[in-house]
Amino acid sequence: MRSKAELHVHIEGTLEPELVVELARRNRIELPTFDVEAIRARYDFADLQSFLDIYYENTAVLRTEQDFYDLAAAYLGRARAQGVRHAEIFFDPQAHLSRGVSLEVVFGGLTAAMKDSDVSAALILCFLRDRGAEEAEQVLRAALPYRDHFIGVGLDSAEVGHPPSLFRHVFDIAAAEGLRRVAHAGEEGGPDYVWEALDILRVERIDHGIRAMEDPRLVARLRDERIPLTVCPLSNVRLRAVPSLRDHILPAMLDEGLVVTVNSDDPAYFGGYVEDNYRALREELGMTDAQLDQIARNSFDASFVRV
Ligand code: HPA
Ligand code: ZN
């Protein structure tokens with residue numbers, strides 16, 4: 001199996017139904033069902049928002065430092081088995097702060113699991129774009145006492161209607177703190193969102209970015225500046241950003257000379273971890289070993305931490 005880095009994975013999106021049930025019982029939280037298969041059966045999504053509704057609902061079982069430890073330890077174990085040597089992991093502090101779970105608990109559990117794993121890992125703090133720029137700035141300021149625990153900031157959640165330009169100021173603060181910058185753009189939003197992420201937020205990677213392919217000038221910019229794109233093929237199919245894997249634009253992105261990487265996004269929800277994405281590209285899209293080798297090399301070139 002190829003060694004690879006994973007650069008686009010939300011730790012909350014690695015919460016498997018089995019762990020949802022275990023943590024709900026441990027924390028005495030009521031669930032609509034404690035049947036793992038019934039939980040999994042709900043994972044039939046129409047679009048990004050219908051996924052996010054369930055994703056945020058399930059995060060309610062994460063309460064204690066031990067819960068966050070168990071979540072990250074489970075992900076790192078699975079990632080290791082899928083050939084991941086290094087992971088740059090997103091987390092959504094607002095999804096926890098809004099439920100009264102402190103940053104101390106979140107950082108404590110995640111970083112302890114990272115220390116105990118032999119997979120190299122770093123955290124990227126994501127702002128929930130649908131909660132606005134003011135709250136994003138509050139979260140960043142609250143997280144600065146934990147500056148040593150994360151390497152960068154990102155932008156996720158419901159894309160359309162929440163363009164990158166709204167977050168200029170908070171990304172400027174992050175840049176001044178020496179934080180790396182990424183943003184989800186061009187997943188459901190158009191190429192204009194990718195332009196804004198580059199020009200206004202000064203991001204160093206684009207998360208998803210598949211719709212950038214609609215704009216040849218943007219493709220040229222991404223190629224010339226070697227801006228990496230963290231593409232998530234199984235996610236795109238499950239959230240219906242593409243009709244099927246066979247229709248995925250990823251091979252064309254590679255042919256354009258873009259620095260494409262392959263990632264799992266929210267593997268507990270989308271039917272596969274990162275090697276499962278590589279395998280699907282080979283089996284369903286007929287991508288060659290040489291192409292997949294290039295993608296794996298790109299993942300190390302595109303990582304912020306050298307391994
Ligand atoms: N897109 C946007 N926000 C997210 C995603 C995603 O795929 N996963 C978790 N938050
Ligand atoms: Zn994502």
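Note: Cβ is positioned from N, Cα and C throughout, glycine not excepted.
Straight from TrEMBL, the features:
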DOMAIN    4-305  domain 'Adenosine deaminase'
BINDING   His8, His10, His184, Asp265  Zn(2+) binding site
ACT_SITE  Glu187  active site, proton donor
SITE      His208  site 'Important for catalytic activity'
BINDING   Asp266  substrate binding site
| note | Within 10 Å, the Cβ with the most other Cβ atoms among the recorded positions His8, His184, His208 is that of His8
| request: List the Cα distance (Å, whole number) between Glu187 (active site, proton donor) and Asp265 (Zn(2+) binding site). | output: 12
| query | Which of the binding-site residues listed here (His8, His10, His184, Asp265, Asp266) have a Cα atom within 10 Å of the Cα of His208 (site 'Important for catalytic activity')? | reply | His8, His184, Asp265
| task | Using CB under 6 Å from any atom of ligand 1, narrow the recorded positions His8, His10, His184, His208, Asp265, Asp266 to the ones that qualify. | result | His10, His184, Asp265, Asp266
| task | Among the recorded positions Glu187, Asp265, Asp266, point out the residue whose Cβ has the most other Cβ atoms within 10 Å, with all shown protein chains included in the count. | result | Asp265
| field | Closest of His8, His10, His184 to the residue listed as 'substrate binding site', Cα positions, binding-site residues only | value | His10
| query | If one looks at the chain holding His10 (Zn(2+) binding site), which residues at least 6 apart in sequence have a CB under 8 angstroms from its CB? | reply | Ile89, Phe90, Phe91, Asp92, Cys126, Asp156, Asp265, Asp266
